[in-house]
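Enquirer: So TrEMBL says this about it:
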TRANSMEM  60-81  transmembrane segment
TRANSMEM  87-107  transmembrane segment
TRANSMEM  137-156  transmembrane segment
TRANSMEM  168-186  transmembrane segment
TRANSMEM  198-216  transmembrane segment
Amino acid sequence: MFPKVHAGMEMDMVKDCGKNGGNALKRLQIFAERMKRFPGLVWSTVWTVARDDPRRVIHALKVGLSLTLVSLLYLIQPLFVGIGQNAIWAVMTVVVVLEFTAGATLCKGLNRGLGTLLAGSLAFFIEYIATESGRTFRAVFIGAAVFLIGAAATYMRFFPYIRKNYDYGIVIFLLTFNLITVSSYRVENVLKIAHERFYTIAIGCGICLMMSLLVFPNWSGEELHNSTVFKLEGLARAIEACVNEYFREETELNQDKSTEDPIYEGYKAVLDSKSLDETMALHASWEPRHSRHCHRFPWQRYVKLGNVLRHFGYTIVALHGCLGTEIQTPRSVRLLFKDPCIRLAGEVSKALMELSNSMRNRRHCSPEILSDHLHEALQDLNTAIKSQPRLFLGSNSNQATNMLALAAAHATQQKQGVSLSSVKTDSSALLEWKTKRANEQAKEPERKFLRPQLSKIAITSLEFSEALPFAAFASLLVETVAKLDHVIEEVEELGRIACFKEYEHGDENIVVTYERPPVNPIQNHLPSHGAD
């Protein structure tokens, strides 16, 4: 008997080994296929990133050139003898400070230089006082100074203005101050080392500023300006696509099964832009006046315009939500209002495109941006709604009672499994349901009952329920026209402060088109490095 058992176990082990071997071979084949495709995927990614924004290639070359220049402090013997091993701080400064835009580089570079200078000056002052006393008192004095300065500087980081503009500088101040002050107790000539470190950091910051401001500069103000133009275009495309989608035929909806939603892509950049706009505006505030006429960049107005565009985008989000509501207006009813709605959306989209075109060309808007066509489209929609009063006003005086009766019947049907067609739908059904519910509560007093909500079937029993979803859609569409006035006011105010050129007849024909979607500016902001 035992030999047979062992023989069976051996057969099972052989089968398991065969399965494991087959799985391992299959995994190896999959891994080999992935390795074959890996070079192609890498090249495709590299090419896509460079094609979307060629400035990324230029920025990478600028960083490489800057690192090469600061490396000469090590590679050239006379420079190394004069600076010494502290030249590594210049390399670290280039890696940390050099950013994609000139404003970001100025912000970090000046913060780093100012923090290092203040920390070194304060450390020298504390060292001068500490050396005049005994060694024990010197240690106590240094410890107390580190505690007070560290606590005060850290507390200042919570101030909103300082946190927004000088947070990085305070971090560098704390780091440099503690390194110099604490090291001076054990290390001789620490002040000389601090001098050399400051010189090398100044060299690194100087190279970064030279590369950012003089060699193919990328301005944060221009990034913010272009981002605002792209957001206007995205909203224009989104609202027109949303209305067209609402009135499309079912056959067209079944044919178009693309994974990308053009409506969502249109307003996504607007809703996600708050933190990015504030960051680019902050960096733009550090940049010098670099335009042809040396006008001051009104970065605060761009932030305010971004807030107005976000509120406009919220309306489009609600408009987009009407496409997927549980209760939909029949297409036969929608067709009654198709032409005025599409015309109104087209006029709003046209106005937004005119705003984006005027901002791109840095000129004021056309005085006829709110043309008679927009008001005519509003009047047409109003006339079409007034021509169908029975869709919005029911004629049955007992509709509220019937609605509650249907809700009660539906709740009873869910508990007893009775078909809806066999349930009473008048006031007697409602009375019967209330009586049964009271009896159940008397039998189980400890159980808490929730009042049944009006079901979809009860709501659709209303005579005017077919037009309710469209009424919400039309209301939101009219709301976009109202909010369009605020957008135009902000764009005009921005143009006045930024000294845009005056509008001339024929400028509206200047339209710039793009073959591919605009680059998201957030992709050009690399993650922040450490404090070193």
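Heads up, the Cβ atoms here are built off N, Cα and C, so glycines get one too.
Whatever TrEMBL says is automated annotation, not expert-curated.
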Enquirer: Among 60-81, 137-156, 168-186, 198-216, which stretch has the highest count of C-beta pairs below 8 Å with the transmembrane segment (87-107)?
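Expert: Looking at each of 60-81, 137-156, 168-186, 198-216 in turn, the most contacts to the transmembrane segment (87-107) are made by 198-216.
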Enquirer: Taking a Cβ cut-off under 8 Å, which residues six or more beyond the ends of the transmembrane segment (137-156) line up next to it in the same chain?
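Expert: For the transmembrane segment (137-156), the list is 122, 126, 129-131, 162, 170, 173-174, 177-178, 181-182, 184-185.
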Enquirer: Restricting to the same chain and to residues at least six past its boundaries, which positions have a Cβ under 8 Å from a Cβ of the transmembrane segment (168-186)?
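Expert: Same-chain residues near the transmembrane segment (168-186) but 6 or more away: 107-108, 110-112, 114-116, 118-120, 122-123, 126-127, 130, 138-139, 142, 145-146, 149-150, 153-154, 156-157, 162, 193-194, 197, 531-532.
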